[in-house]
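Asks: If you scroll down you'll find the structure; I have some questions about it.
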Amino acid sequence: MDYLQIKKSPKLHGEIKISGAKNAALPLIAMSILAKNIVTIKNLPHVADIKTLLKLLSNLGAECSSSWENYSTTINTSTLNQTKATYDIVKTMRASILVLGPILARFGHCEVSLPGGCAIGQRPIDLHLKALEQMGAVINIEAGYIHAIAPDGLKGCNIIFDKITVTGTANIVMAAALAKGVTTITNAAREPEVVQLCEILNASGVKIEGIETAVLTIHGTGGELLEIAPFSVIPDRIEAGTYLCAGAITKSELTLKGANAKHLGAVLSKLEEMGSKFTITDDSITIHPSKIIKHVKIVTQEYPAFPTDMQAQFLALATQADGTSIIEERLFENRFMHVSELQRMGADISLNGNVATVNGHSKLSGTDVMATDLRASSALVLAGLVADGITDVHRIYHLDRGYDSLEKKLQNVGADISRLKE
């Protein structure tokens, strides 16, 4: 098993190329189930979760041909001959549930194992299932599997999500794409990753109204498969945010190429509050960090507010701030598991329920730490960049699920970081 070894780094400098967004690519790969043609996806991030979902489609009978050197894949789902997504793959990644809506819409029946993935609290899929039942599906859960059938096909209806769900919105949008009639989703997620899915479906013959709003109206094709043109995955806003935090915590000027600042409004705003300034172009962001990092108050909420996937990185940054920062996590329980590891490095953090109080000017010391989930992994790496001594981050399979070549990208801008074998 691999681990990352990090030594306190001098100022970083240079450019980092931002990869395609994992959280956009996953539903777009699942979307290929709705296609009648071979789908070409470009700017695909080279991360474990993408490989897992492509393997799942291959197990269902799809022909997937990936060129990782070119960050692209082609998917032919005309050869699909299975409708059962088995536990051995689904257990490793919650996003596998994204195949539920498309398979059910295309074939009228499917079995999908209940999902696994990051251990950051309960992320129930009941909202997905309730919506599919409203569309005419009959669903039972037996022996760890979701059994879904739609004997008369899925039918459009009015769906109101009790709470905003990104994966749920994507799943139901894909199901509605092939349904009969019109589906309206109220309280839909507005994340850029959902927006891209809707835009591509819209360009593929599925009329979707209300894109970028909380109310989506999807005019289904009545079972007619889609002609999907080649497309490129949007840049990863969480990866970009992570490297911006690397610049801020090491007080280094970095340029992110291929980043979309329009997707990073809340992150850039909080970094500005903490003293950083930015030069922004259509496809790049350069951070000009402050010599003094200011304290901050952060509340995680759904897009376009501050993303929960950036909470851990900002918590690491706040350990070096001037003053006391307050970080409140409103979306997931158990998403402060990185706190105990940062405390082992010397961070002065106290927890009260879903609120972390971070006292700045912590003198961090390198030690052995364990990653507990994907974004916690990156927070420990950020801390390691400014900690005295050597920091060894273990269980980085979490990191590899969502970051493409993180240690290589940091090495290229001067960080002292290496991937080693246990």
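Along the chain as shown, the residues are counted starting at 1.
From the backbone N, Cα and C atoms, a Cβ is placed for every residue, glycine too.
Per Swiss-Prot, the features are:
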type	residues	note
BINDING	Lys22, Asn23	phosphoenolpyruvate binding site
BINDING	Arg94, Arg123, Pro124, Ile125, Asp126, Leu127, Asp309, Leu331	UDP-N-acetyl-alpha-D-glucosamine binding site
MOD_RES	Cys118	2-(S-cysteinyl)pyruvic acid O-phosphothioketal
ACT_SITE	Cys118	active site, proton donor
Asks: Whole-number Å only: compute the distance from the Cα of Asp126 (UDP-N-acetyl-alpha-D-glucosamine binding site) to the Cα of Asn23 (phosphoenolpyruvate binding site).
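Replies: Here the two Cα atoms lie 20 Å apart.
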Asks: Return the residues near Asn23 (phosphoenolpyruvate binding site) by Cβ distance under 8 Å, restricted to its own chain and a separation of at least 6 in sequence.
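Replies: Listed in sequence order, they are Val166, Glu191, Glu193, Asp236, Ile238.
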Asks: How big is the Cα-to-Cα gap, in Å, between Leu331 (UDP-N-acetyl-alpha-D-glucosamine binding site) and Lys22 (phosphoenolpyruvate binding site)?
Replies: 20
Asks: Residues with Cβ closer than 8 Å to the Cβ of Leu127 (UDP-N-acetyl-alpha-D-glucosamine binding site), same chain and 6+ apart in sequence?
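Replies: Expected: Phe161, Asp162, Lys163, Thr165, Gly168.
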Asks: Quick check for the class: what is the C-alpha distance, in angstrom and rounded, between Lys22 (phosphoenolpyruvate binding site) and Pro124 (UDP-N-acetyl-alpha-D-glucosamine binding site)?
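Replies: Per the Cα atoms, Lys22 (phosphoenolpyruvate binding site) and Pro124 (UDP-N-acetyl-alpha-D-glucosamine binding site) stand 21 Å apart.
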Asks: Which is it, of Lys22, Arg94: the one of these binding-site residues whose Cβ has the most other Cβ atoms within 10 Å?
Replies: Lys22
